[in-house]
Ligand SMILES: Nc1ncnc2c1ncn2[C@@H]1O[C@H](COP(=O)(O)OP(=O)(O)O)[C@@H](O)[C@H]1O
Ligand SMILES: O=P(O)(O)OC[C@H](O)CO
């Protein structure tokens, strides 16, 4: 009886594959980076063939390293960079254009024009939980249809298929048999009504997207068809799909309303389970589908910070103050939390809750004795202060999490996680398996094929590694945070 689960984690900069045991432990993994294309300022593209080939070879690598047979794998779970948009020919499987990545801003003018229509953004926000922003898929789809010769006509004739990365990988794995996605990925397109759980005709008309392009939307744990045996050596059912941040919510076992996770990679994505209520945020946080199981939707509130680990990369590669991200911890330990220097890493504007695309970054509070360690520490502290901004916004929306589970490449930095606990004044938990995104997809696939029986069982598989409790006196916490608010207010253009 096959007991392993293969998780395919297709991210923005690399494709990873992990073989998990039926206890949710990592058996083996494979990973491959792929190229980023920036054909014009503000544009970001991926080569679809590279997305597919790196996924396939990392899956083969993981299976080989696990020393198991493909027939030992009971199911595949897919998790993916969200919003990234692909359109391909239904007959040949050939993409008509490269993948337009979630970071791509080429449709900013189109979004601005739509925002001019009175009440439109509000209506869209009510239906989708999202904002009228190039981040999401809808305007990327219409850009392809308008700019690739003949694409709109072919789409209307039903010859083309649209998908986010999960859908594209499923199409490839199944040899063109399955054109489907899950509700979490659909909820990032601006075309999906998160209340009715249907593609929305009015939104399709607004964004001029023919319905014939769209994949079928299924639960996050569902029968998505089979990966053909020619790819991995045996026919394997694809049984779970979720966007990567939602998969991390599941991998962190945040199954109760009020439970929240924050992932600190290149950017930071914080997500809180709000149960069966799609909470509307008055602070421009996103309302999204957390997961959908057995037809029942669990919603989440999401806030994103564009620059988290990327700030450390900039300190390393741009400023060349350090050689390795690991150096940030001893430097911050030397500085201590009482740092008069503030860094506002608004390199790509400010995300939630400010959404100020014009803001530019700044370093403030410099004196003659400021050195490398204060600037590096300010970079780490900025990540924590921004998380508090998100938490405050959630609290004002009426739902403050009592604790936070963290993951992502940055959380190996214990100083950072401790300062996070101090800044938020809540308990922070770091799990043993920090590959929570891949774990979430494995949980979903395992649920569908009966390896796991319930969310309660999954919650028991979540293993705590370390807790970080707030220890900073309230006076210091509030004074330091006020310094951040003052710094942010100085860079905001729209305030
Ligand atoms: N010890 C550390 N302290 C602070 N930041 C770190 C540390 N180690 C790695 N990082 C940051 O974490 C990020 C990598 O995290 P990862 O989860 O792999 O990102 P992604 O999945 O977005 O590529 C990098 O941006 C790096 O700068
Ligand atoms: O691939 P990541 O981890 O950078 O995540 C990207 C997000 O899904 C974008 O919404």
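In case you wondered, yes, glycine gets a Cβ from its N, Cα and C as well.
Where the annotation comes from TrEMBL, it is an automatic prediction and has not been curated.
Look at TrEMBL and you will find 4-251 tagged as domain 'Carbohydrate kinase FGGY N-terminal'.
TrEMBL lists 12, 13, 14, 266, 309, 313, 409 with the feature ATP binding site. In the three-state DSSP scheme, residue 12 (ATP binding site) is classed as coil. Its Cβ placed at the centre, residue 12 (ATP binding site) has 20 other Cβ atoms within 10 Å.
Summarising the annotation, TrEMBL assigns sn-glycerol 3-phosphate binding site to 12, 82, 83, 135, 244. A coil conformation is recorded for residue 135 (sn-glycerol 3-phosphate binding site) in the three-state DSSP classification, outside any helix or strand.
Per TrEMBL, ADP binding site is recorded for 12, 16, 266, 309, 409, 413.
Per TrEMBL, glycerol binding site is recorded for 82, 83, 135, 244, 245. In the structure as shown, the Cβ atom of residue 82 (sn-glycerol 3-phosphate binding site) sits within 10 Å of 26 other Cβ atoms.
Restricting the average to the domain 'Carbohydrate kinase FGGY C-terminal' (261-447) gives a pLDDT of 93. Marked as domain 'Carbohydrate kinase FGGY C-terminal' by TrEMBL: 261-447.
Counting Cβ atoms from all protein chains shown, residue 244 (sn-glycerol 3-phosphate binding site) has 28 others lying within 10 Å of its own Cβ. Taking each Cβ in turn and tallying the other Cβ atoms within 10 Å, the top scorer among the binding-site residues 14, 245 is 245.
In this structure, residue 409 (ATP binding site) is part of a helix by DSSP. Within the same chain, residues at least 6 positions away in sequence whose Cβ sits under 8 Å from that of residue 309 (ATP binding site) are 264, 265, 266, 267, 325, 408, 409, 410. A separation of roughly 12 Å, to the nearest angstrom, links the Cα atoms of residue 16 (ADP binding site) and residue 244 (sn-glycerol 3-phosphate binding site). Across the residues annotated as binding sn-glycerol 3-phosphate (12, 82, 83, 135, 244), the widest Cα-Cα separation comes to 15 Å. When the alpha carbons of residue 14 (ATP binding site) and residue 245 (glycerol binding site) are compared, the span between them is 15 angstrom. Listed in sequence order, the binding-site residues from 82, 83, 135, 245, 413 having a Cα within 10 Å of the Cα of residue 12 (ATP binding site) are 82.
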